[in-house]
Amino acid sequence: MANPTIAIVGRPNVGKSTIFNRIAGVRISIVEDTPGVTRDRIYTTGEWLGREFSIIDTGGIDLGDEPFMDQIKHQAEIAIDEADVIIFVASGREGITDADELVAKILYRSNKPVILAVNKVDNPEMRNDIYEFYALGLGDPFPVSGSHGLGIGDVLDEAVKHFPNTSEEEDEDTIKFSLIGRPNVGKSSLINAILGEDRVIVSDIEGTTRDAIDTYFESEEGQKFLMIDTAGMRKRGKVYESTEKYSVMRAMRAIERSDIVLMVLNAEEGIREQDKRVAGYAHEAGRGIIIVVNKWDTVKKDTNTMRDFEAEIRDEFQYLDYAPIIFVSALTKQRLNKLPELIETVSMNQNLRIPSALLNDVVMDAVAINPTPTDKGKRLKIFYATQVAVKPPTFVIFVNEEELMHFSYARFLENQIRKAFTFEGTPIKIIPRRRK
């Protein structure tokens, strides 16, 4: 089940990014006093009272040359589309503005839980000034100071009350996967081809997908799949669906819900920076990854074309050397019959458990081939290894000093483990731990 989502909305320069960073617990956005400067990440995760959740800062979604009020309106609509709970941020220093009233009207009609956070209430004397915000019709205003961290806990206490119930059980036998990629790489056509039906409206114009609906289906062998459709940008999407940060955000949410990610590239266009950014997030999240090169039927080929394209992918995605690459065409159905089987294989590899005796044989053989490094005269000693988790496979290696395990040596051990066992399509984690 996906994490509950909080969206932070409000006009520019009310302190949305400061509150976003406070909730996330780290300073991950660039924050200045000039309106409209939020850059970098607009989507992250947080935790409060034992509940994990996702956070969206809608102010980070650049809507280009749209008029000021239209931008604010559409950011509020994004929040309504994406969030379980909305935090509406206003400024206690400036009072209610026309832009605040516009956002309040949109949110009031949404039937989503809205928490009104009056920011920049930096001292107790200012608390008496927040009563005017009752006029927005959104219930009790919460006085907060993003810069000092005051009142944030009260806002989160209220947010958690509105989170959806997490008692829903998921079918462990169902493989959940998503197709992610830039607009116009052919995600919708691939979905239709995999399902064998015209479930999604498809055209050659970027951003024509109308909706995002998850789909269950079974293979001929009886394996259950849940396809998480990220192609859709909702009916309002024509305004902002090609906005890079918005589409990246949607991809991140899909990755969060998936076991396996199909990273779709356009054979005609090659690899773009956005592809690398989203693939990096899937890798860091520990998801299984398959690289799908679509529209292969449109490429002029010779005997080296596929090999050259694969070499380019390996060069651009060096950290995904474990991910299988498949060249397909949604139009001609080329190699599409191999996708479900490949997804099943990656799922099996994600769940693979290695007996400790076998694992330690491989690790000790690796040390014999390439002795452990030294640092300032002190040598790393490896005592034993054990697997502690799957999805992704995670190995704890007990050592004398954790700091002596350099990244390069951990990578060497990972490569030796991969040579010995089948982990195609899944990242694996190596965690050094000091033996007590």
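Cβ atoms are placed via backbone N, Cα and C, with glycine included.
What Swiss-Prot says about this protein:
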DOMAIN    4-167  domain 'EngA-type G 1'
BINDING   10-17, 57-61, 119-122  GTP 1 binding site
DOMAIN    175-351  domain 'EngA-type G 2'
BINDING   181-188, 229-233, 294-297  GTP 2 binding site
DOMAIN    352-436  domain 'KH-like'
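Assigned with DSSP, the residues of the domain 'KH-like' (352-436) fall into helix, strand and coil as follows: 31 helix, 24 strand, 30 coil. Using a 10 Å radius centred on the Cβ of Asn13 (GTP 1 binding site) and all shown protein chains, the other Cβ atoms total 17. Checking the binding-site residues (Gly10, Asn13, Lys16, Val121) against Gly181 (GTP 2 binding site) with a 10 Å Cα-Cα cut-off leaves nothing. Of the candidate binding-site residues, Gly10, Asn13, Lys16, Thr58, Val121, the one lying closest to Asn184 (GTP 2 binding site) when CA atoms are compared is Thr58. Comparing Trp296 (GTP 2 binding site) with Lys16 (GTP 1 binding site), their Cα atoms are 43 Å apart once rounded. The candidate set comprises the binding-site residues Thr58, Asn184. Of these, Thr58 has the most other Cβ atoms within 10 Å. In this structure, Lys187 (GTP 2 binding site) is part of a helix by DSSP.
With respect to their backbone Cα atoms, Gly10 (GTP 1 binding site) and Lys187 (GTP 2 binding site) stand 32 Å from each other. Looking just at the domain 'EngA-type G 1' (4-167), the mean pLDDT is 79. Across the fold, the C-alpha of Val121 (GTP 1 binding site) and the C-alpha of Lys187 (GTP 2 binding site) stand 46 Å from each other.
If you take the Cα of Thr58 (GTP 1 binding site) and the Cα of Lys187 (GTP 2 binding site), they are about 25 angstrom apart, rounded to a whole number.
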